[in-house]
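First the structure, in the form of structure tokens, and then the observations on it.
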Amino acid sequence: MATEEQGYKIPEAFLEAFGSTFGQQEADAFCRSVNQPSPVSIRVNPYKLNTPPIGGKIVPWCSLGYYLDTRPTFGIDPLWHAGAYYVQEASSMFVSQYLSELSDDTKIALDLCAAPGGKSTLLRSLLPKTCVLIANEPDRGRVSALHENLTRFGSDEVIVTNAYPNELRKSGLMCDIILVDAPCSGEGMFRKDPNSRNEWSMGSVASCSIKQKEILDEAWRMLHQGGILIYSTCTYNKEENEAQLEYLSEHYDVAKIIFPDLKTPEAMGISKGERDGVYRFFPHHTVGEGFTIFALQKAGKKQKVSQEQRNRKRETQNSQIPSILKDSIREQVNITNEGDEFVYLSPQGKVIADLLIKARVRVLSKGIILGSVKGKDFVPHHSWAMSNMIADQAPYPHIEVDEDTALAYLKRDTINLAPHKGFECITYKGVPLGWVKNIGNRVNNLYPKELVIRNRNAVSEELPKLF
Ligand code: SAM
């Protein structure tokens, strides 16, 4: 709990502005709530788990979200490392409300401000399987966490990029759905991250509001006719929210505001904003952090799949594909090689990746790396074990391990398995953790060095028993 005595004071100017917008009573209730502990919630990965967490209470606006009574040390839970769930504050999960009715012709989605990946992983869980998701983050320091989180979650049909919105736009990329979870003044984080109170100023509201408009200008230009733009911030003020909706409506051809198919948001403590279609989450009304969101549809008719994309679908099989991949993977057309590495990505995903690379956009990853040929072996890559779509097509035995072995594996320690020869997939509670190479008298642990459990000391703590 953060207090004034600890130096975490809610800025006077913020309280004044908040009071004059929403009323003094609301400001008082807000102040009381931000000095309470934050609620804890997780969102399950529907491709990896189909059970709710033990004791979890459903987040009313997201069928994959659950509140927990306590905050366990998630970083020592093998299931967290396996991407079976994502720790995400509940209000943000409201994005799911705009995804439930997407048609199968939603081909390309863009998460423009994506790190560390909370909403990208949510999008990937709910977008049609064949829709390509471009998860973009311009900040070099933050993009690796995005990449890591998406890999854990099973990065099927995902392209991770590190670019500013104008760089993406210049590539000619056009999307059916774009999420702008904009950089903002962070008011909604006053409880969860008390330091954000010290970083807030009226000046940052004003400068964020200008930056958000610039991002929206670019996003709108990358949106297909008939496409959907979802905009959110973790703030309450109108400059960063309602004013952005007004800006878009005044400057661009908006077909309509999209209303989530939720009968009674008020009963869930969700407040309606000053403009129709704006939803606001206050910590004193909802069980979640501060958040505001709206979605718009661009005017015009939806376009058909381009000729180039259709041609790609008829692409011939790559003759260099190793026989192990030829024998195990059904969608051969999705396999290509890049140097030693074999990658799984749909023809449509390849078209998009090529487009971005040609425009010199920094692409961190595209699709699933299946593995590479090393000498006589085909060595499977970690992202194949994590993959939602084709993990089950990997031609290697699954070896279920107990808690201690799972932790030893995630620390890259030596583990003992029954003698056998070849690559094996280690699973915990049925969910893949990664590969080993069993050479009979010894097991080579292939868990990636960069993902090793960082908090080694915490491993002596009791493991979260969530599933
Ligand atoms: N969507 C993320 C999630 O759910 O995990 C959180 C995104 S955070 C609110 C905003 C992100 O926007 C930050 O990672 C920040 O680095 C990024 N950002 C900053 N300036 C940007 C810009 N000009 N264009 C796009 N993104 C930007």
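Placed from the backbone N, Cα and C atoms, the Cβ positions cover glycine too.
Those TrEMBL annotations? Automatic predictions, nothing curated.
Features reported for this protein in TrEMBL:
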DOMAIN    1-299  domain 'SAM-dependent MTase RsmB/NOP-type'
BINDING   Cys113, Ala114, Ala115, Pro116, Gly117, Gly118, Lys119, Glu137, Asp181  S-adenosyl-L-methionine binding site
ACT_SITE  Cys234  active site, nucleophile
REGION    302-322  region 'Disordered'
COMPBIAS  305-316  compositional bias 'Basic and acidic residues'
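Taking the features listed in TrEMBL, we show where each one sits on the structure.
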residue	record	DSSP (3 states)
Cys113	S-adenosyl-L-methionine binding site	coil
Lys119	S-adenosyl-L-methionine binding site	helix
Asp181	S-adenosyl-L-methionine binding site	strand
Cys234	active site, nucleophile	coil
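Around the Cβ of Asp181 (S-adenosyl-L-methionine binding site), a 10 Å sphere holds 22 further Cβ atoms from the protein chains shown. Residues Cys113, Ala114, Ala115, Pro116, Gly117, Gly118, Lys119, Glu137, Asp181 make up the record's S-adenosyl-L-methionine site, and a Cβ search at 8 Å around their centroid adds Asp111, Ser120, Ala135, Leu146 from the same chain. Least packed by the Cβ count within 10 Å, out of the recorded positions Cys113, Cys234, is Cys113.
Highest Cβ count within 10 Å among the binding-site residues Ala115, Gly117, Lys119: Gly117. If you take the CA of Cys234 (active site, nucleophile) and look 10 A around it, the binding-site residues you hit from Cys113, Ala115, Lys119, Asp181 are Asp181.
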